[in-house]
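Enquirer: Feature annotation from Swiss-Prot assigns active site, proton acceptor to D67; the stated evidence is sequence analysis. Under the heading Zn(2+) 1 binding site, Swiss-Prot lists H63, H65, H143, D213. Look at Swiss-Prot and you will find D67, H68, D213, H271 tagged as Zn(2+) 2 binding site, backed by sequence analysis.
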Amino acid sequence: MEIQFLGTGAGQPSKSRNTQAIALKMLDERNEIWLFDCGEASQHQILNTAIKPRKITKIFITHLHGDHIFGLPGFLSSRSFQSSDEQTDLDLYGPVGIKEFVLAGLRISGSHLGYRINFHEIDSAGKIFEDDSFEVYTDLLDHTIFCLGYRVVEKNRVGELDANALKEAGLPFGPLFGKIKKGEVVDYDGKTFDPKDYIGADKVGKIVTILGDTRKTNTAVRLAWQADLLVHEATYEAAESKMARAHGHSTTKQAADVAKEAGVNRLLLTHISARYVGPLVGQLVREAQDVHANTFVAKDLYEEKIG
């Protein structure tokens, strides 16, 4: 898994930071990309990456403020144009009202999509998605309007098959290897091959938590518990805690406190006020690292491998 930030600014675009959008790239795990929020000009930012819109199969919206959703109608339309040969359905998760917003934009603009949008409007905490390899949980944060955070949990995967040991034990390479990998006991040439003797320990899945705008809250700690990566907003420097609270946001220190309390491995800060440019960004990093050392302030198009 990899994460890439398409926009890291707060409120409105600036010369150095676009509005909010984050791509969780799971190409190796499921050949998909999941998008978290879709602020204005997100599709333009995508043009500066290797992301293919048709690979985006799920979009998770944290809340309905414009800097998190104004890019949706344009992106959804362009996804249809750019994916004419492979029209795959898209799942859209978000607060109640996201369906009305999207459909109104498409209807008024006369836009017609070549794929289906499956809307999943959320009004309470809980598990919102599960398949054989992933689960997604959501909970309510503390912002000025209804706002969500998301916890993406990769399920543990079967360990590596020791092919050399099987060959040395007399099992020829072929379909029987696959059966053992699936956990089946195999009898061959008078011998019994038990999977537990030839498969290593399970590979522990990654946990990624991506939060919308929020004050410091215990909900954030729960969503981020023992996560490999936490993406937390840090609109303000530590000295502006009163302003942060008044506007429903967090400071660098508050975000780092959440990461520390939750036992998070890596903390990436986003939703940075336009007032922080140049050396001031370094100040934000230092403030957070004083509390949680493994912290970085993301910038537009920044990408890193998770774990």
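Please read every residue number as a count from 1 along the shown chain.
Each Cβ is built from the backbone N, Cα and C atoms, and glycine gets one as well.
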Enquirer: With an 8 Å cut-off on Cβ-Cβ distance and a minimum sequence separation of at least 6, pull the same-chain contacts of H68 (Zn(2+) 2 binding site), or say none.
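Expert: Set apart from H68 (Zn(2+) 2 binding site) by at least 6 residues yet with Cβ under 8 Å, we have T19, Q20, D37, C38, G39, I61, T62, G212, D213.
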Enquirer: Relative to the mean position of the Cβ atoms of D67, H68, D213, H271, the recorded Zn(2+) 2 site, which additional same-chain residues have Cβ within 8 Å?
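Expert: Neighbours within 8 Å of the Cβ centroid, excluding D67, H68, D213, H271: A10, G11, T19, Q20, D37, G39, T62, H63, H65, G212, E233.
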Enquirer: Could you say which of the binding-site residues H63, H65, H143, H271 has its Cβ with the most other Cβ atoms inside 10 Å?
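Expert: Answer by Cβ density within 10 Å: H271.
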Enquirer: With every protein chain in view, what's the tally of Cβ atoms within 10 Å of the Cβ of D67 (active site, proton acceptor), excluding that atom itself?
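Expert: Cβ-Cβ neighbours of D67 (active site, proton acceptor) within 10 Å number 22.
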Enquirer: Tell me the Cα distance separating H271 (Zn(2+) 2 binding site) from H63 (Zn(2+) 1 binding site), rounded to the nearest angstrom.
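Expert: With distance taken Cα to Cα, H271 (Zn(2+) 2 binding site) is 14 Å from H63 (Zn(2+) 1 binding site).
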Enquirer: Excluding H63, H65, H143, D213, please set out which residues of the same chain place their CB within 8 Å of the center of the CB atoms of the Zn(2+) 1 site, keeping sequence order.
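Expert: Other same-chain residues with Cβ inside the cutoff are T62, L64, H68, L141, T144, I145, C147, G212, T214, G248.
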Enquirer: Sorry to bug you, but what's the C-alpha spacing from D67 (active site, proton acceptor) to H143 (Zn(2+) 1 binding site), rounded to the closest Å?
Expert: 14
Enquirer: Given H65 (Zn(2+) 1 binding site) and H271 (Zn(2+) 2 binding site), what distance in Å do their CA atoms have, once rounded to a whole number?
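Expert: With distance taken Cα to Cα, H271 (Zn(2+) 2 binding site) is 13 Å from H65 (Zn(2+) 1 binding site).
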Enquirer: Pop the Cα-Cα gap between D67 (active site, proton acceptor) and H271 (Zn(2+) 2 binding site) into the table, whole Å please.
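Expert: That separation, Cα to Cα, works out to 10 Å.
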